Amino acid sequence: MIPWRLTFSGIRDYSPTLVDLSDADQHVLITGPNGAGKSTITFCMGAVLYSSKVDIEGLKSRNLLADQTWRAKISFLFKNDGFMKIDAPSFIEFTLSMSQDPGQPLKKVFSISKGEQIDSWEETITYTSGDRYYNFSAYKKDLQYKYKIDPDLFYLIWYQQEVNQFAIMHPEERFRIFSEIHGIDKVQRDWEESIEKMKETEETLRSSELNVKLMKADLAMKKSALDRFLDNQKRLREGAEMYIESLLGLEKHLHREKESIQAIIQQLEEELYEVQDAIALKKEEKEKATEGLETEKGEFEILNARIETVGNKMDEAAVQLQEINTKIEQLEKELESITSRKGQITRTEDEVKGRLHTLSEEQRQTDEQHHYTESLLAEQNTAWQKKVGKIAGIKEKIARDDELETVHRERLRQYKSSYAVQEKIVALEAGIEEYKDRKRNDIRDLQGLREELVLLEEERDLSARQIESMKWFRSKQIKAYPLRELIEMDETARLKDELLFQTIKYTMFFNGTHTNPPNDLYHVPLMKIVPDRSITHLTNLHIKVKEGLSEDEIPHAIKALWWVEQFFRENIFSIQNGVLIDPIGIRGPQEKDKYILSVKALRARKHEVQVQIDELYQRISLYDKKIQEDTKTVQELNSIIHQVREAEAFMTHEHERVILKNKLNEELETEERIKQDRVRLESDRTRFVRLQLEQAALEKVLRDEEAFYEELGKMKDKYEELNVLQKQGLIQKDLVREQKKTFSRLENERDQLDRKINQTQREIRRLSDELDHVEDDLRMRRNQKESNLNQIEITKEELVKTIQELNELQHLIPGIYSEVIANAALEKPTSIPQLKIDRESGQVKFNQARTEDGIDPTAPENYETAKYEYERLDDEFKRTNILLEQDKERAEQLRDKMETTINMRVLELQQRFKIYMSHFQFEGDIGWESYEGQRKRIHFKLYIKARKEGHRGSLEDVSIKARGGKVGKGVSGGEESLSSLLFALALLQNLQTTPGFIVLDEFDSALDENRKSKVFDLYVQELKRKLIILTPKSHEETYLNRFSKAFIVQHDPTVPKSKVIGIVKVG
């Protein structure tokens, strides 16, 4: 949007005026003496563009009569052209119509007219304060967003001294303008609001915490009262329950005891009758037993007399039998040896003599055959031992040959031949060399991947040429950054989105202005990149400033991001379909395809590199193993090849081993025949030895029988006497046996009678004992009956007392009494002593709890109320605490965001300001600080510092003056103006828009001719837009020639009247 014409009427002392501002590239000078009304022209521009800095009533002429209506009109025509061309017709005119009747408020009407021809408008929109849609707010928004010529938002009009006041302006005011230009004021307001909100939350938290503490103390008191109440109620209930339960138990026990005693008394009466009957019966049985005992004792005396008579007869017969047996034993001893031998004799005396004669001839023949067999066997044993020795030798040699043959055959089977072994050795050695080559290559690749992994661990992924450049810049002590260390793909990016940057993503940025690159990668000087705006994220390209950068690196990253963006705008150089196109050629990818800008891709690459490293380690390990195994195999083959040759030589003597085995078979056959003869002879020898032994034994038996028959003739008389005595002994033995049976029978009868007497005596004693026991039992039961009659009276008294106590408790605590009655059936039975103990304990506990002092019956309700209030306050405290943490976190985030934005903007501003000041032999610096005031409010200051080049001392803010009205301190007026103008230029450079014009009032009022021209040229060069300059000074021709159009404002105070006169440029 280019200013083309300004017309106004009814403004101060001006007659209707037209100022021609046409042509986009022509700069306009408006001059005239002080007080002529030059600034009024800027006020008209600001008024028609709804600037908040212009007081419209100030445009009213002071020479109007009091009853005169003021009418005025301002029109500002623009041509739709330049960098900020919008979607609208070629010409757009903004008009402000004003009228004010005497004593009435000012009426304003704004309008916007559009058309392809000046004053032939195709559309006009009118904005009034009462309109629903087209009101003044809508007019302001259209200026800002549609036409982009809001003078306040875009700083298009710098009113009187505004551009020169930065130097003398207070640092706080300077920071305010700086923050407004860069939109920091909104972030600052958000942060300050978050601080205020955080302070309010802290105050609320302190109040809430105090309330929680107070309520907690109150709750503790209520809890103590509740605990006392609950403990009292617990003891009261426990005591009452124990008291009631024990009384109920006692009542049941006493009832049961009463019934039990009555049943016992009745039972005792019945038992007394039974015991008396039993006593009479026992006495009768005892008398009968006594009579029987006397009879049994008489029978016993008779049996004793008979036993004594039979015993005497038995003793006499035994003596006679003993005498006969003694004589028999004497004769048997004399005839014992002959009698025992007679049972063993099987032959007659004649048979014994004949057999002795034939046995002598048989023994002679057997001895001769045995001696012959022994001689033959000795010969065969000698022959067999010789043959076995010879066979053993042959077998040993064959066994050695077989073992060798097995070894050599296995070796030849395994290695085939010495030639094959030699070929395998050659092949393995060649393989070892090949594995060594592969290992060297993999080690080289592994080293590269490990270096790459180190970079990836540091989130760096550099190519070989980038590493070369980094080393080169490091040697020059120049800070350099690969592109991927400054920017990255955003979270929404896909992997293929990185393909857009194949031709530039390996670019190197360095902190300098010039260098001689070590290779053909892009090398970009950061100091020469001056972005037209600050950007941190390009959503359409899915790239952004890399997270985690330091404050010093963020400006470099913003420049790099802006530099990348230029390839995707309509420039003479661009990237299309992954190819970089410039006026003199086309360029493809800088390196091999690899994703380096995406965090996801970087992690994927890191994983891939780790996998490749693992695979290489495994392969290298495998190569080492193969080399080791093959080397070991070669060594083994070298040591085995001569053994293979020995095996080949051994196998050539096969026929000798066959002959030796045949000879062994022959010798074995011979040895087998000898062995069979030996077995046969051994069997004959054994047979003859056994026959000799049998013949010797038979001869001994026959000699003993011959001696027996000689002794037998001498013993015939003694045998006859022994037979007579044996017959007498048998008769006497039968007599003794009969007498013993009689004696034994009588003794048995006596024993039975004795046992019967003892049994009767025991029965009498038993009956006496039982009679005594029954009489004792009778006395005991009588005593028991008396005792139970007394006990039943005592039980009745206790039962009455227990029932009375239960009735009292039923009236005193009916609720607890009912509960205990309902559960009484479930209680386990307890002994009466325990119940009495429980009754006493329960009674004492119940009475103590019932009469205890200081118990509040409303304690549960009071505690619940206090607990609810405490939990409510505690929840409120916790929520407030969470809110405070959130507020702190938000305030910290906003502060970081604000400080980052300020640092970035100040850094950009500082770089430009330094460069601009250096054109005038000045050193410049821009800094800022924040501090907390006495009222805990954060103040921000922006400093503009300047110093002539070569001067010593620290840089000081240009607004510093001597105190107390003194002079001699600070910079000169020209330096103030220069630093102010250059600061303003740096500010304007950081705007994110490129408007087509700027109006500067008193731009050069404090500059000398040389600086004035250089500053003007710098503004033209840097802003690249139409300049409208208002100045009160006269100027040299060289300065005036920089303007295409000039106007002089004249004022005649006598009329009074102001007018604008155009000056025509000659040539």
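Cβ coordinates come from backbone N, Cα and C, glycine included.
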Problem - Per TrEMBL record, range annotated coiled coil [choices 12-46, 432-466, 642-676] - result: 432-466
Handout entry: Stretch carrying coiled coil according to TrEMBL (options 100-134, 380-414, 835-869, 870-904)
Key = 870-904
Fill in the blank from the handout: Same-chain residues at least 6 beyond the ends of the coiled coil (184-218) with CB under 8 Å of its CB atoms are 176, 178, 866, 869-870, 873-874, 876-877, 880-881, 883-884, 887-888, 890-891, 894-895, 897-898, 901-902, 905, 936, 938, 940
Completion exercise
Same-chain residues at least 6 beyond the ends of the coiled coil (870-904) with CB under 8 Å of its CB atoms are 179, 182, 184, 187-188, 190-191, 194-195, 197-198, 201-202, 204-205, 208-209, 211-212, 215-216, 218-219, 534, 551, 554-555, 558, 928
